[in-house]
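Visitor: Please see the structure below; I have some questions.
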Amino acid sequence: MRNLGIAVTFAVLLVIGYVTALEWDAVVTTDSGILFFDKNWTQISSGGHQFHHISAFAYDEVKRKLYFSDLKDPSFRIFSLDTKPEEEYHKVAKLLPKSDQTGYITGLAFDHLERKLYWTEKGTHSVYSVEVDKLGAPANATDGLINLVAQVEENHDLAALTIDECRRHLYWTNSYLQTSSIVRAAMNGTVLDDHKEDVYEPRGISVDHYNNRIYWVEKKYGRAFTVESANLEVQDRQTFLRGEDKIPTHVSPNSQYLYWIDQEDGEVHETMKSDSKVTRVVYKGSRPSALIIRSGLLVEYQKNNPSCKAVVSEIIDNVRKESSEVKDVAQAVTSKPEMITCLNKGILNHNTNSCICLPEYQGTFCEIPICNNFCVHGECVVGADSRPMCKCHAEFEGERCDRNICDGYCLNNGRCALSATGQRSCTCSKNFSGARCETAICTSDYCYNGECFVENEVPECKCNVGYRGDRCEEYTCNNYCLHDGTCILNNDTMLVECRCGSEYTGKRCEIPKRFCSLDNGNPEMQQYCEGVAIAKNLVEPQVTYCKNSFNRTVVYVSLAFTASLVTLVTILCTVRRMYERNRPRITKRFKVTNNTQMTSRPATQCEITIENCCNMNVCETPCFDTKILQKSATKAEDKQFLLDDIESIAGSYRKLPSCVAEKN
């Protein structure tokens with residue numbers, strides 16, 4: 001009877017406890033308690049101020065309860081906080097007492113289907129679960145409620161935990177340095193994937209049901225950190241964010257942003273999921289440890305998701321069944337009527353006295369069509385995640401078709417136009433070019449000393465006074481005045497002029513003044529010669545010689561005599577050469593018969609020229625015998641010597657005394 005009375009009292013409180021407080025969208029646990037924020041990250045309330053070391057956090061969106069663990073509490077390890085009415089923000093229920101085997105709870109996650117709370121303990125290296133609706137009894141009555149889900153090795157540090165309720169999977173992180181990993185397991189604890197490659201001290205982890213991915217944070221080597229992402233099978237890994245000098249501990253996504261905690265500077269960061277460079281700090285204060293972004297994701301937005309439809313339907317059936325039971329108990333003790341009525345086939349959740357709407361409706365009473373005035377220039381449809389989506393007209397884009405596709409497309413005052421196929425094109429202003437008019441034709445540094453203007457889509461330069469060149473890069477006075485003339489700028493005409501020296505005149509000091517005495521009829525020369533003193537007529541200079549100088553006539557005669565002498569000697573040598581006796585040239589032919597030994601190539605007869613033997617031994621060849629050449633002999637004698645030598649038995653050498661001696 002006592003337990004029934006408690007249940008009835010609790011049911012009555014649920015019915016009459018209609019939510020009057022401001023709705024919160026985010027909650028952050030800090031050293032000074034639990035802080036509640038609206039969608040603009042303005043703090044609207046706080047609670048649990050007696051807790052200063054909250055280590056883990058989970059949320060029940062059906063009953064709107066927060067579950068958390070505090071490291072320093074001596075008696076209990078899990079607590080709950082009711083977030084429905086404002087006056088309940090400070091009402092904390094003690095759910096699970098500590099025991100001798102209790103370890104340091106590092107992660108909490110809530111399963112709406114089985115209404116179980118899962119957690120990881122660092123000291124016991126274990127994953128546990130418990131049915132939360134059975135908690136709150138005396139300590140000795142909770143021993144049999146706790147279920148051991150998984151036991152990991154001692155060299156594993158369980159750091160965080162999350163649940164994919166739609167596909168019924170658990171994910172936890174192992175932050176031990178040598179064995180760091182991301183683990184995917186079944187709800188009964190059976191490990192399905194243990195991803196270790198390039199994982200270093202992972203910490204907080206969360207499931208993004210909007211994109212079917214998981215996010216986790218890693219404390220990298222030294223000062224670095226990363227926020228990593230992978231699909232639900234822990235594949236297709238991507239580094240979402242990289243940075244330094246921060247200590248990220250927790251991560252939580254919504255449809256557009258990813259929120260993560262930096263314990264180094266006590267900040268909560270908001271980073272756009274589509275562009276990680278777009279980030280801002282939404283909270284800075286007491287040391288944050290965990291956060292939850294409340295979006296009604298499971299019950300409100302996953303009703304049409306094929307992967308979640310069956311699970312969500314079963315959750316709603318459980319809520320309907322429980323609401324009927326609570327309603328019957330409440331009507332038995334009070335005649336107070338229902339405070340709200342759900343429209344458009346909405347379901348009343350008696351636990352929270354609020355409506356669970358169909359996908360097409362929203363609002364407190366499900367009175368607002370979700371597509372009502374949502375699309376500005378397009379048609380609205382309800383997506384698989386129960387969110388409104390727009391099919392925009394050809395000229396518009398954006399989440400709500402509220403932006404013309406030409407807005408901001410053409411830069412630098414370019415005009416945008418649409419083709420028949422909906423393609424954008426730009427007509428650029430005079431000084432710009434490119435597909436979006438993004439390129440300036442005249443840049444600031446094109447003309448060095450002048451003003452740039454566009455002529456036929458080509459940059460041109462109007463030079464400042466005193467400069468010239470295609471890009472005004474040359475000073476006009478450079479090498480302008482010749483013959484050491486001085487270049488100056490005329491202040492009246494703004495043109496350069498030359499101040500010439502005493503010997504020159506002309507526009508550029510190019511005319512010698514002595515030429516001005518010549519009357520050549522050149523008008524250009526005459527205009528520069530006006531006012532120039534006329535010099536005397538040019539005459540042939542008189543040459544005088546000193547008395548002690550040399551006599552050139554003597555020199556010329558000496559040179560002529562020497563040349564004549566050389567010529568005479570040359571003639572005499574030539575004549576002497578012509579009259580010298582020639583060397584004899586004797587040719588004799590030998591006719592070779594069949595009885596003669598062959599000494600040459602086969603032919604009718606073999607011939608040999610005597611002079612061809614001159615390259616033989618000097619004793620065998622008379623033509624190069626130096627003694628014979630020096631001996632005075634008549635031509636007939638010399639010829640006879642050669643003939644005798646050829647016919648000798650020795651063959652081809654002469655019977656000279658020197659050669660005979662050499663033979664002996």
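Each residue, glycine too, has its Cβ placed from N, Cα and C.
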Visitor: Which one is it, CYS406, CYS410, that Swiss-Prot ties to CYS426 with a disulfide?
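Guide: It is CYS410, per the disulfide annotation in Swiss-Prot.
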Visitor: Which of CYS500, CYS529 is the other half of the disulfide bond that Swiss-Prot records for CYS509?
Guide: CYS500
Visitor: Within 10 angstroms of the C-beta of ASN188 (N-linked glycosylation site), what count of other C-beta atoms is obtained when all protein chains are considered?
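Guide: Cβ-Cβ neighbours of ASN188 (N-linked glycosylation site) within 10 Å number 11.
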Visitor: Highest Cβ count within 10 Å among the glycosylation sites ASN40, ASN431, ASN491: which residue is it?
Guide: ASN431
Visitor: Would you kindly give the Cα-Cα distance separating ASN40 (N-linked glycosylation site) and ASN431 (N-linked glycosylation site), rounded to the nearest Å?
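Guide: Spelling it out, the Cα of ASN431 (N-linked glycosylation site) and the Cα of ASN40 (N-linked glycosylation site) are 43 Å apart.
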